[in-house]
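In Swiss-Prot this protein carries:
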SIGNAL    1-23  signal peptide
REGION    113-164  region 'Disordered'
COMPBIAS  149-161  compositional bias 'Low complexity'
DOMAIN    313-462  domain 'Cupin type-1 2'
MOD_RES   330  phosphotyrosine
MOD_RES   332  phosphoserine
C-alpha cells in the first residue's frame, strides 16, 4: 500500500512538473494587445519560382500554433517532392497545374497500360493513366511481391516499351483546397501560362507533430541554398535533400544502381533550389480534367482508405456556397463532413468573396484559431480580444495575413470592388457564433436580459435583437438602409 502511495505521489509530481514546463515554454503567448497584418519575413529564391515564409515566432502566429508559407511557381516550374512533420492545408490562390502525392505503403494506381501487354501484343492507350482507385484488386499482394514485380517491370521496360507507374496525380486550379497528412511527400507542376500561387498553413501545435514548433520541410530532391533561416538559434547552412546524408555506397546498394548515379541523387552540385524549370515536355500519367465538384454519392464506409482518400475540394463555385447573396457575395466552408481526411488533420477552411460595402457580421470562432489570408482586394477589419480591447483596426490587402485567435470577435467590410480571402482554422469542424443577426447570441437572449445588461429600454432592446435579420452578410451603408421590411435571404 505504501509503495502504491509513493508511486501515485511520484506520478502526480511528474505531471505537475511537465505541465509547468509546457506552460513556461511560451508564457501568456495568447495575451495579445495588438494584432498586425503580416507580410512574409523570408524569401527563398529558386530557379523557377520562390518560397515565401512568414515569421512563425510572431506572437499572433505563435498563439495560433501555426506557420504560413506561400509558394510561387513559374510556368513550367516543378516544386520538387518534400514532406513535413505537421498536417498541412493548402489553397490554390492563382493559376493551375498538377499535384502529386506519395502516401507511404500505398500502391501505384496510375500506370501506363502497356505495362500489362503481352510480349507480342500491341499496346493500346499507351501513356494514358488508368488512374482508377478501383484497380486495388489488380494490386492486391503488391506489397508482398513488390521486389519480384520490380524485376518483371525491368524486363517489360526492355521488351515492351514500359514507361512508368506512380501514385495519384491530380489537376489543380484556383480555388482548390488541398489536405496533406504529415510525412506525405508532395510535388507541384505549373503547366499553365501564369504563375501558380499556393498558400499553406502548417499546424505546428498538432498532436501529430512530434518535433518542436518549427516548420521543417524534408526535401526528397533539390535543396535550399539559403538554409532554414526561420529557425532561431540554428547555425545557418545550406539545406540539402535527405539523400545527401547517406553515403553514395549505401544509396547504390539500396537502389541497386552504380555509385555515380547515387551521387547524382544527392544534388551536391545543384544550386537550382527546390523549384526547378522543366526543359521539354513534362510527361506524367494524368487523368482527364475533373468536374467542378465530385458528385455526392452514397457510401458504405469502406470505399475511402488512406490510399484512396480524396484530398482536394474547390471552394470557388458560388453554386456550392453555404451563404450566397448575389448583391453581396458568398461564403463557402470546408470541414470534415465535406472532406473526411480533415478529421485526421483537425483543420478546416472558409472561403469568402464579398462586394464593396458588404459586411460580414461580427462573429467569433468558438473552437478554433483562424488565419486569414487575402487573395484579392482590400477590406477594413476590426478584431476585439477577451479584454474588450480593439487589437486590430485597419486595412488588409492582397497578400497579407491576419491571425484571429479563438474567441476574438471580428468584423470585415469590403472597401474595394471585391474582397476575397481564405481562412484556415485549427479544428476539423470549426464553429462560429455571431453577435448580430438572425442566429446570433443576442437573438437567443431574453429581452429583459438585454435591457438590464445594457441599461436600455425594452423597445431599444427589441431593436437590438430583431433589426438585423440576416445571418452572415449584410450591407454596411448605415442604419438608414434598413428602414423598410425586407425578406430574410441570408
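The backbone N, Cα and C atoms fix where each Cβ goes, and this holds for glycine too.
The Cβ neighbour count for the residue listed as 'phosphoserine', using a 10 Å radius and every protein chain shown, is 23.
Within the domain 'Cupin type-1 2' (313-462), the DSSP-based counts of helix, strand and coil residues read 20 helix, 70 strand, 60 coil. If you take every residue in the domain 'Cupin type-1 2' (313-462) and average the pLDDT, you get 96. Listed in sequence order, 318, 321, 323, 324, 352, 353, 354 are the same-chain residues six or more apart from residue 330 (phosphotyrosine) with CB atoms under 8 A from its CB.
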